[in-house]
Amino acid sequence: MEFKPRPGQKEVLEYRGGELAVPAVPGAGKTTVLAHLAAELIASELNNNQKILIVTYMNSAVANFRRRIGDFLASKGLPRSRGYSVKTLHSLALGIIKEKPEARLINQEFELIEAGRRYRWIKDLCRKWAGENGELLQQFFNLEKNSYQFDKYLKKWKEDDFPAYVASMISYFKLKLLEGDELKNMVKYSNLKSANILYPAAEIFAEYEFRMAQAGLLDFDDLVQQSLKLLKEDPEFTERIASQYAFVFEDEAQDSNQAQEEMLYLLAGENNNLVRVGDSNQAITGTFTLSDPDIFRSYCKREDVDVETMAVSSRSSQDIIDLANYLVDWSQKEFAEREIEPLEKKYIQPTVKDDPAPNPDPEGYRIGSRAFKDWKTEKKFIARQALRKAGENNNNTTAVLMPTGWQLEEIAGEIKKLGGEFQLAGSSSSDAFLTELEVILKFLTSPASADNLKLVFAEVFAKEKPKLNQLLEAALAERENQELIFPLSGLNRDNFESEFRKRDKFDDFFKALTRTQGWLEASMDLPPDELILFLAERIELTGKKLALAQNLALEFGRLLNENPAWRLDQLTAELPEIRDRLRQFAETLTEMEGFEAKPDQVTLSTLHKAKGMEWDTVFIGSLTSSHFQHDNDDYFMGEKFYLNEEIKNPKASARAELEYILNEKKERNADYKARQELIAERVRLLYVGITRARKNLFLSTHQKKGKWDKDPAFMFISLDNFIKEIVKKYQAEEAD
Ligand SMILES: Nc1ncnc2c1ncn2[C@@H]1O[C@H](COP(=O)(O)OP(=O)(O)OP(=O)(O)O)[C@@H](O)[C@H]1O
């Protein structure tokens, strides 16, 4: 369909230079308009060696942008890929570091450490620190010593919560461009009290930095930190990089962080052509990343910045738009007395008459809400209703969105019980596993183990023919494993009694044995990296799994280069390490593929992962006070009841302590502020959820009964009343 800009979009497309902020509502066409504007500027404004830089968050958005800009350029008769460059913050940072290798503070051959491995390193360092500072670690505790609870939570603190806290602080220190030793000394000589929570994080940070440098490793935060340093320290270098870009665009600007903003300003250079597009009402990553929604809000308020708002959206029906707008109004009133503004006063407007792609206009009321008596009843209801919707023979898509992953797993369980199908949005951890290949490798490294052979059968052959497992058990009861695969007389049907040969599926069983023997022979002839490719082909891996196997072969090749004498068993022993890299690679692949909902299956997604997507029917469940906090007596995640009152939110306290050291500012209510920010973010999370729906929307919650049940969220009660009013209105109209 031809693209006809809507009000708001038109003005953005007229942009030809300077600083512009584009606040938008959900579904306003942010990506579409940025892609269009890029194509127009490339066609009319750029000279040959200049580019537009587009910075976005997810790899999926990178692919999406490239495709859209390419299409627009092609429709103007221009080359698809000239004149622009789409990058994530990390790929941008990596590019900058590579432009100036001589100034790199690390060695030339630096290697990136992936998230899983980084976390394991930090965990190890925390364990070591805890071993040496046991007394201090316990001073943070406010539980009775020697109680049952004390031991249980000390273990939880040491094993999980303390390393998670340290890992997040390390990222934060790097965002602030701090260095380990410098910070450690600042904390040591500050007048913070001796048992301050910043101290362990600063000490472990210094150790972490030292070890990383020794190993020639960089993490993702280093990329950003180092590249920013390079830019800040060398104006000529910055000028050289910035002059490549005639315009800089930032997508999803509500998720920006301080480092990203600084980098964009530097790259926009003297001509200062910067366009930032975002929706601060959809800022939902602040509690677990370093992003700060205030950055974009403040940008929109700057006097020297032009602002063009995109408020028209054709995504949802009028009832759903009304509900989203009601949530904005409700939060404005509800939080007027507090210091937070979860949702800015920005209303979604439907398209005007004659728009070629108008909002859906389904008949009757299509929104509903309900408070169930407990979680069990709620999840059964949602699973049944979602399946019913997906089973309707039309092209409409259906999703169930939940606050957490475990709730999704339970809904998935219910759907399975009902014989239905579902798909998960985003990558799941199982995507990253090459289970079949891994069990084969395990078998090939110790073929003498009957258990390994059983695993190969279970994973590779018996998935569709479970009888093969039984045949193997029966065969192994009579002879040794080696005798089965490598009998002295050669693998032959006659090795088996004629009674055995008559058994159901014997032919398949024999074929499986022959194949297994073939792999064993190949493992003796082929170098390990080639063996991986050979096996991948033999077990017919395709698509993402094949790409992963090729990646595994590369990893083996790399290790072999470093350790030429290694054999298959030594390489296989490295699999847990390699798996982290593969996982990251798999996630990128999944993101790049993008997600397409299938109409006959229910999509399951957390509310967070649903961002940027849309479905015809959306169920949002478990709207309880433990996920959507409102008052001080609600349960707040991130807070540890077992720690001393002033550090019960260790992250917030440590940030306040750091602020005190750096700027002499004393933040008295650090955890109160953290609570307010969390409350605000959860309002936005529900706003994101609601605005994913096109035609049908169902909100639900449950009462507190058993251990896993909770009270309805305060916000739910207001929305529930509003929805009941809409329903009543329709019913009155019907009765007339
Ligand atoms: N002027 C237009 N005419 C027709 N369709 C449009 C127009 N503008 C946007 N759309 C369509 O609206 C949908 C939403 O656009 P897009 O995905 O760019 O929105 P978004 O603002 O990024 O959404 P969200 O905030 O929910 O992530 C897309 O299907 C897009 O093609």
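Easy rule for this one: first residue shown is 1, then count along the chain.
Cβ from N, Cα, C; glycine included.
Annotated domain 'UvrD-like helicase ATP-binding' per TrEMBL: 3-317, in sequence order. The annotation ATP binding site is assigned in TrEMBL to Ala24, Val25, Pro26, Gly27, Ala28, Gly29, Lys30, Thr31.
Following the DSSP three-state reduction, the secondary structure of Gly27 (ATP binding site) is coil. Ligand 1 lies within reach of Gly27, Lys30 from the binding-site residues Val25, Gly27, Lys30, judged by a C-beta closer than 6 angstroms to any of its atoms. Within the same chain, the residues at least 6 positions away from Lys30 (ATP binding site) whose Cβ sits under 8 Å from its Cβ are Val22, Ala24, Asp251, Glu252, Val277, Gly278, Asp279, Met310, listed in sequence order.
Using the Cβ center of Ala24, Val25, Pro26, Gly27, Ala28, Gly29, Lys30, Thr31 for ATP, the list of other same-chain residues with Cβ within 8 Å runs, in sequence order, Asp279, Met310, Ser313.
The average pLDDT computed for the domain 'UvrD-like helicase ATP-binding' (3-317) is 89. All protein chains included, Gly29 (ATP binding site) registers 23 other Cβ atoms within 10 Å of its own Cβ. Thr31 (ATP binding site) counts 17 other C-beta atoms within 10 Å of its own C-beta, drawing on all protein chains shown.
Under a cutoff of 8 A between CB atoms, and with a sequence separation of 6+ in the same chain, the neighbours of Gly27 (ATP binding site) are Ser313, Ser314, Arg315, Ser316, Ile348, Glu614, Thr691.
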